[in-house]
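Asker: My structure is below; once you've seen it, I'll send some questions.
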Amino acid sequence: MPRPISAHISLSAMRHNLLAVRRCLDSAQVAGDRARPHVWAVIKANAYGHGILNAVQGFGAADGLAMLDLNEAVRCREAGWNGPILLLEGFFEPADIRVLDQHRISVTVHCAEQFDMLEKARPGRPLDAMVKLDSGMNRLGFQPGAYRQAYARAQALQQRGVLGALGRMTHFARADDDAQATAQQIAVFGEATQGLPGSASLCNSAATLTEGLWAHCVPGGEQWVRPGICLYGASPFDDRPAASLGLRPVMTLRSRLINTHVLKAGASVGYGYTYTAPRDTRVGVVACGYADGYPRHAPTGTPICVDGVMTRTLGRISMDMLGVDLDPVPGAAVGSEVVLWGEGGPSVDDVARASGTVGYELLCALAPRVPVQVHTE
Ligand SMILES: *Cc1c(COP(=O)(O)O)cnc(C)c1O
């Protein structure tokens with residue numbers, strides 16, 4: 001029998017979260033004359049650890065899929081996804097362009113070097129492209145003063161049939177915690193792209209879930225939002241739990257107790273003896289460790305659920321095991337069900353917060369050795 005750990009992926013939770021996003025966008029509709037933005041479901045990093053093919057199924061109702069990796073994009077096509085695909089960092093070398101052409105994959109163009117490559121390319125069909133503005137994130141994109149020139153380069157390529165539909169894109173640095181910084185980026189975007197044709201794409205999860213924000217991003221026209229984390233049922237905000245946003249966890253990480261014992265008062269558990277029992281304490285050992293993707297830096301006290309009862313971890317997380325406090329769960333025994341995060345347990349965000357990180361990192365870090373079960377209902 002394999003170790004009793006497993007990750008469960010709920011496709012119905014994926015569908016539910018996509019609907020929740022669309023409902024949130026609708027609630028902001030202004031006077032009926034603005035069409036709801038289209039949704040790129042962001043499925044980079046193996047769909048935030050949930051599996052590309054699961055995402056293709058679960059987000060089948062999205063308007064498009066956005067990701068980073070060309071091979072993942074090709075796998076989406078091979079899985080039967082016929083809608084738009086956007087590569088959020090575009091392409092990296094001239095040879096990529098042939099693959100983009102073959103599979104009808106759209107790109108972000110964020111630097112002059114990518115235009116250089118496009119100007120030498122002869123794709124059989126025009127490629128759709130989003131020209132990226134750096135409105136303040138200071139990672140990728142053309143600077144505001146250079147944006148019009150970059151867009152003109154894209155339009156010249158459009159004239160030559162190398163590029164097809166064009167759009168304008170930017171990315172927010174603080175949509176989760178600073179409305180003023182976001183308003184500033186929107187203002188920079190408005191000024192740098194004013195009067196340019198094509199669709200617009202600005203909002204990540206945090207911006208998408210900030211009611212009404214999308215309608216302030218651009219005065220009109222076709223808009224695409226790019227939610228990622230919220231579609232997996234985790235929150236982009238520190239102070240707003242996913243459940244309060246109407247989201248359902250897509251991934252549930254489960255395991256079982258493989259041992260129980262009483263830790264004598266004054267005795268310690270695990271590497272480094274970081275937890276010493278103040279009194280006799282019943283401890284359970286869970287078949288889950290950092291080699292499964294559970295964070296090693298989760299301290300004693302990180303929430304965890306045993307037999308449906310919320311309790312806490314004890315001591316340092318090992319490679320393959322971790323300790324839990326069984327005092328609140330006197331009936332627990334070898335074989336008892338443990339939920340590390342997800343449905344019926346703590347949220348991945350709660351585990352992440354206790355460990356000094358974000359839900360994104362834990363979901364993406366699910367280890368390949370953990371067997372995945374997909375639930376369609
Ligand atoms: C990852 C990413 C997103 C999605 O971000 P979330 O915070 O997960 O919603 C959107 N746009 C770009 C360019 C990204 O890289």
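Here the Cβ of each residue, glycine as well, is placed from N, Cα and C on the backbone.
OK, TrEMBL features for this one:
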ACT_SITE  Lys44  active site, proton acceptor
ACT_SITE  Tyr271  active site, proton acceptor
BINDING   Arg139, Met319  substrate binding site
DOMAIN    250-375  domain 'Alanine racemase C-terminal'
MOD_RES   Lys44  N6-(pyridoxal phosphate)lysine
Asker: Within the domain 'Alanine racemase C-terminal' (250-375), how many residues are helix, strand or coil going by DSSP?
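Answerer: DSSP classes over the domain 'Alanine racemase C-terminal' (250-375) add up to 19 helix, 46 strand, 61 coil.
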Asker: Fewest other Cβ atoms within 10 Å: which of the recorded positions Lys44, Arg139 wins that one? Let me know.
Answerer: Arg139
Asker: Just jot down the residues in the same chain as Met319 (substrate binding site), at least 6 apart in sequence, with C-beta under 8 A of its C-beta; none if empty.
Answerer: Gly289, Tyr290, Ala291
Asker: Given a separation of at least six residues and a C-beta threshold under 8 Å, show me what packs close to Tyr271 (active site, proton acceptor) in the same chain.
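Answerer: Expected: Gly315, Arg316, Ser318.
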Asker: Give the three-state DSSP assignment (helix, strand or coil) for Arg139 (substrate binding site).
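Answerer: Going by the DSSP assignment, Arg139 (substrate binding site) belongs to neither helix nor strand, so it counts as coil.
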